[in-house]
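Before any comments, here is the structure.
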Amino acid sequence: MEKTMEKIVALAKARGFVYPGSEIYGGLANTWDYGNLGVELKNNVKKAWWTKFIQQNPYNVGVDCAILMNPQTWVASGHLGSFSDPLMDCKECRERFRADKIIEDYATEKNLTLEGSVDAWSHEEMSAYIEKNNIPCPTCGKHNFTDIRQFNLMFKTFQGVTEDAKNTVYLRPETAQGIFVNFKNVQRTSRKKIPFGIGQVGKSFRNEITPGNFTFRTREFEQMELEFFCEPDTDLEWFAYWKQFCIDWLQTLGIKEDEMRVRDHEKEELSFYSKATSDIEFLFPFGWGELWGIADRTDYDLTQHQNVSKEDLSYFDDEKGQRYIPYVIEPSLGADRVTLAFLCAAYDEEEIAEGDVRTVLHFHPAIAPVKIGVLPLSKKLSENAEKIYTDLSKYYNCEFDDRGNIGKRYRRQDEIGTPFCITYDFDSETDGAVTVRDRDTMEQERIKIEDLKAYFEKKFEF
């Protein structure tokens, strides 16, 4: 069975995971809406992150910061000055491209090895490589490009009724800066001592020139970010700790070792303020793609905001009698990307018998959009089956389905990744028990109706 993006996208659209945005108006490029199953899947992924990184973690607390911030925030963070992509236009067809992506795609196609990360190359080095290899335009095939120039990725808008420079604001390109500007507030009100972390889940916006690969790279996206504040001399220990914590989280939820890899950034790739950066990548059907960036950002962010705002963002360690700017370890995860990764990892086609193939999504029960399908064997049994549905839906997202052949109903639940199906049959009327079917093994066992809640509590532990 070949796992392709075409199959996964088709299933996602057909079953209500993801729809094209604004579809009845012809759509809007690179926008996607999460459907009835997609919103449950993504919410479960976010909940699983929040549970392990915030709720169950003694170090960390959460915030939810505004999307619009004082523009000085982006001066301090460097986004207004340097948050940009190297772009060039084809003079023949007038299409615009990222120079680094053209080089990377060409090298992949020709099976060539590049020296270091293209991100670290200068404009001159990129231009020289494109000229030397006579790389053609991906759209028209000609080789006639403009010079490379930088393009800022921030979405600009205006606050209030007047569209002038004084009212200019930006849609945040990351959630992290809201955490940094609230460092003192959170530390004071939570009474946390270093080391501690602040986490946030929220929307961010980047005016990407080459978005694509379904929901992998979009202009509007959701992030799950943690900023972990620590003593300057302990940063590399915490960097290693959080890197392993992130790997464990992914593997616990079903990402296999051979589907992921950790890529440590070379020295020349690192941002000037970073001591270490690692990317956790997932093997999508279209190739390796970054899910999680873990960075040792040193004291850069708090120092920058302290310098621009003139507010003291240092921390006084009363046990050591020292005052310092904390270092920051940042594990930054894309909610849309990791949701897509879980969807790709879960997708499978199994040959049950000759010519009989079932499509199944092997989601971890904690993130499955529907936890339990309640399926009465006959419509005559629907009333009592609905009572089971009503009781269990207080605790889990359940689906009730009494239409059609029971075998076809099982297959539909397999396709949407439902871990367990309850079949209420004619024997249930007399013995007070139901058949519970396991999605992955397709094995069935008889469980007393009164024991179902306790039975599923064990199954859905995370």
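Glycine too: its Cβ is placed from the backbone N, Cα and C atoms.
Now, the feature entries from Swiss-Prot:
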BINDING   Arg98, Glu174, Phe221, Glu222, Gln223, Met224, Glu225, Glu330, Pro331, Ser332, Leu333, Gly334  substrate binding site
BINDING   206-208, 216-221, 290-291, 334-337  ATP binding site
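Annotation: Leu333 carries the greatest number of neighbouring Cβ atoms among the binding-site residues Leu291, Leu333, Ala335 [cut-off 10 Å, Cβ to Cβ]. Of all the Cβ atoms in the protein chains shown, 24 others lie within 10 Å of the Cβ of Pro331 (substrate binding site). Listed binding-site residues: Glu208, Glu225. The one with the lowest count of other Cβ atoms within 10 Å of its Cβ is Glu208. For Phe221 (substrate binding site), the nearest of the binding-site residues Glu208, Leu291, Arg337 in terms of C-alpha separation is Arg337. Counted over every protein chain shown, other Cβ atoms within 10 Å are most numerous around Arg337 among the binding-site residues Arg98, Arg206, Arg217, Arg219, Arg337. In sequence order, the binding-site residues near Arg337 (ATP binding site) (Cα within 10 Å of its Cα) are Gln223, drawn from Arg98, Gln223, Glu225, Pro331. Spatially, by CA atoms, the binding-site residues Glu208, Arg217, Arg219, Leu291, Ala335 include one closest to Glu225 (substrate binding site), and that is Ala335.
Ranked by Cα separation from Arg206 (ATP binding site), the binding-site residues Arg98, Gln223, Pro331, Leu333 are led by Gln223.
Binding residues for substrate (Arg98, Glu174, Phe221, Glu222, Gln223, Met224, Glu225, Glu330, Pro331, Ser332, Leu333, Gly334) extend across at most 26 Å, taking the greatest CA-CA distance.
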